[in-house]
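K.L.:
Below you will find the structure I want to go over with you.
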Amino acid sequence: MFSSLVALVTRRPRLVLVLTVVLLLGGGVLASTAFGKLQTAGFDDPASESSRAADVMDARFHGRPNVLLLVTARRGDVDDATVVAAGRSVAADLAAQPGARDVVSYWTGGGPSLRSRDGRSALVVASVRDDDEASDIVDHYESPKRWPDSVTVQPGGRATVGEDIGHQVSADLAVAESIAIPITLVLLVMAFAGVVAALLPLGIGLLGIVGGFATLSVIGGLTDVSIFAVNLATAMGLGLGIDYSLLMVSRFREELAAGRERADAVAVTVHAAGRTILFSGATVIVALAVMLLFPPYFLKSMAYAGIAVTLVAVVAAIVSLPALLMVLGERVNSWRVGGL
């Protein structure tokens, strides 16, 4: 196996790199759609009694209210004539949305429990079984919309919480990566005493993240996947990619320093460090696969993400990276940083 791999990366390194770039671009397109396919639930066992009871309620009573609209009077209270008219208009608008059922409001028979204690606000509630339709309804009421001047309207409920979680996870990942990547680069430059060598592990780590996100996007189109899996994909993709690349780059530089030719240095690196990486990746995958046995898809999603990024990190480290080292040769030591 490794002999064939060595022959490929030493004889056709540019072809390997071109294929890597093509896969990276395709994976990037898929990765960009991942967040829209992921869910914020998945913590319950579908076979548990509580889950079965919830399914019965959904089937017989059209589900539990998961879309709420808070209608607040700008002046006066919710029993003023202008506010009553506006509240009924909001209820009618919600009832007209695709998927909205059992729409009830304070002004349309909902009772005093839907009225706030101070009398300035009241609720309009609905049940929406389809998650995509619930998300569309939330977006509809979060976008600028002309309402009567007498009221303001704010969406809420489980559907809104899910939307907010998705947006927050995306924003937090951007912040985390903007902090982690520069710090990691500085540490790698210190470890290798060179910029080019330091960039290689970071690149493989980012490749692992893209591959993990792309896989989650594909799986998310087939089954339920938790949005929290992206946190694991980011951490493991960057961590394993850098870890495996450190082994490869360090061994390659050692072989060059020992006087080996470029192709021989790549061959020794793949046979030695590549074997270690392969067994390490297999161990990680087997450990993560155990989570596939648990019913809640939150745990299964962690396995999907972890297995995907591990596979990508292993393949990138023992296929793409050796091809890049073959092209670079001695230039892997370029841009040396003195004093380190």
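The backbone N, Cα and C atoms fix where each Cβ goes, and this holds for glycine too.
Annotations for this protein, taken from TrEMBL, read as follows:
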DOMAIN    45-332  domain 'Membrane transport protein MMPL'
TRANSMEM  179-199  transmembrane segment
TRANSMEM  204-222  transmembrane segment
TRANSMEM  228-247  transmembrane segment
TRANSMEM  277-298  transmembrane segment
TRANSMEM  304-328  transmembrane segment
K.L.:
Mind checking which residues reach the transmembrane segment (179-199)? Cβ under 8 Å, same chain, six or more beyond either end.
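P.N.:
Contacts with the transmembrane segment (179-199): 205, 238, 242, 246, 249, 253, 328, 331-337, 340.
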K.L.:
Given a Cβ distance threshold of under 8 angstroms, which distant residues of the chain, six or more beyond its ends, lie next to the transmembrane segment (204-222)?
P.N.:
20, 24, 26-28, 30-31, 33-34, 37-38, 184, 229-230, 233-234, 236-242, 244-245, 301, 304-305, 308-309, 311-313, 316-317, 320-321
K.L.:
With a Cβ cut-off under 8 Å, give me the same-chain residues at least six positions beyond the ends of the transmembrane segment (228-247) that come close to it.
P.N.:
34-35, 38, 169, 173, 176-177, 180-181, 184, 188, 191, 200-213, 216, 273, 276-277, 280-281, 284, 298, 301-302, 304-306, 308-310, 312-314, 316-318, 321
K.L.:
In the same chain, who gets a Cβ under 8 Å from the transmembrane segment (304-328) while lying at least 6 residues past its ends?
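P.N.:
Distal contacts: 5-6, 8-10, 12-14, 16-17, 20, 196, 200, 204-205, 207-212, 215-216, 219, 225, 229-230, 232-233, 236-237, 240-241, 244-245, 247-249, 252, 262-263, 265-266, 269-270, 274, 277-278, 280-281, 284-285, 288-289, 291.
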K.L.:
For the domain 'Membrane transport protein MMPL' (45-332), what's the model's average pLDDT?
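P.N.:
Per the prediction, mean pLDDT sits at 85 for the domain 'Membrane transport protein MMPL' (45-332).
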